[in-house]
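What follows is a single structure, written as structure tokens, with notes after it.
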Amino acid sequence: MAGELSCTNMFHCLSNKMKMGEEEPNLLKVTEEVSSVVRNDDCVAEQFQPGTKISIELQQKHIQELRNSLSSVKSGMEQLRIQYSEDFTKIGRQLYILSNAASGYHKVLEDNRKLYNQIQDLKGNIRVYCRVRPFLPGQANSSSSVAGMEERTITIITPTKYGKDGSKSFTFNKVFGPAATQEEVFSDMQPLIRSVLDGFNVCIFAYGQTGSGKTYTMSGPNVLSEKSVGVNYRALNDLFNLQAQRKGTINYEISVQMIEIYNEQVRDLLQDSTLEIRNTSQKGLAVPDASIVPVTSTSDVAELMNQGQKNRVVGSTAINDRSSRSHSCLTVHVQGHDLTSGTILRACMHLVDLAGSERVDKSEVVGDRLKEALYINKSLSALGDVIASLAQKNSHVPYRNSKLTQLLQDSLGGQAKTLMFVHISPEPDVVNETISTLKFAERVASVELGAAKANKEGGEVRELKEQIAWLKAALVKKEGEPENIQSTQSSPNIYGINKGNATPVFRKNRQPMEDVGNLEVTLFQPSQLFL
């Protein structure tokens, strides 16, 4: 179209020039050029016009195809959305079912664990936990003697006579692998520790070869942190938390002792003194002369434990550069007063870190270290004899063969809930000691001590005991006054009867009493006796 307009304009321009009388030859030449241009434009228009139409039609066709494809894609996406929505709904239902099943499974496991612990309590079995120490720095590429572990079972690779590896499995209440944290270890024994506040005596002792991680479990490493502190600190911290929770119903008093048995001598770790173990003593104190320190916070406990650890005897051997050369015992004494019933409860918890058994040829000890090793092995051997006698239910149990067994007599004699934490090292070169340790732990697990009893004393029983004690003291006093004995015997006033009145002040029916037998008890007022 633009070409046609330009040619027309040129034609008009030439026509005007012709009218103006320009030369005829030039006019004819120009007219021919214009006609040629017009013909060329017409040819071009004829060539491009059909192609343009075809191109537009193709584009429209492609656009329609794209629209159809888009519509198909939208339809497919909608179908996928509906399908995915249905699938997600089905998956949600399945996850809900699985979640309920998992919750039920964990609940069943928890119920089974509680029932198992109740059976353990009724039988009085010594609970046995096993913990495998991780490899020390520099041993990362070492092979392990532990072939496998499950929740309650550990399998050890054992060498045979013919050079082939065998295996032996041991079953305990709980098995902790090298990756177990201090918090995980404590949480599993927490219910046992908490029973101290209910009046039950508790004993937890760590046993194993030297360098197997006993002190780490009970106390923690040299540099303590919130995550690395051991059972001793965590147990007292937990007791303080429970004490605060029960403040409105029960008033508790908590105090601690810390002693060690070194070369068969009992030493006070909170002050420099040698002590004696007494089989019978007031308030259940096996070592009554040891300093007992009231504690009210975890900071008090940390300070005392640091002091005790500094005073404990440690030494370096070829196996362990920080070997404990004594048995240490942190004893927690708890006394509670129930504000509602007036009941008094007393309990104690022994947290014992035993010195490690060791083979003298491997530890390469001499001099004082050799003497210490002999005493350690002797006391652990005495502990083994006691366990063997208890397992066989012998009438005589040799507690007096060692200071260690004397200290643990109440705990091993059925007066406490007892847990032994057996520790093993994963190195293959100590596999014989590992097998020996685990066999001993199996014997310990077979011991039945009978159900532990809570040390609770009701208010009424306490009053009766106080009255009996007062009456005994009064009778002893009267025995020292011969001139009054005859008048006392002839007078009914000793029974709380006034003249002219044959009714006692107050009388209760006969009640059985465990410590004094069946007595017909009369409660007197002190002012009405010996009128």
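In case you wondered, yes, glycine gets a Cβ from its N, Cα and C as well.
Straight from TrEMBL, the features:
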| type | residues | note |
| --- | --- | --- |
| BINDING | GLY208, GLN209, THR210, GLY211, SER212, GLY213, LYS214, THR215 | ATP binding site |
| DOMAIN | 125-447 | domain 'Kinesin motor' |
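GLN209 (ATP binding site) carries a strand DSSP state (E or B). Looking only at the binding-site residues GLY208, GLY211, GLY213, the densest Cβ neighbourhood within 10 Å occurs at GLY208. Across the domain 'Kinesin motor' (125-447), the model assigns an average pLDDT of 85. Under the three-state DSSP scheme, THR215 (ATP binding site) falls in the helix class. There are 23 other Cβ atoms within 10 Å of the Cβ belonging to THR210 (ATP binding site). All protein chains included, THR215 (ATP binding site) registers 26 other Cβ atoms within 10 Å of its own Cβ.
Neighbour count (other Cβ atoms within 10 Å of the Cβ, all protein chains): 24 for GLN209 (ATP binding site).
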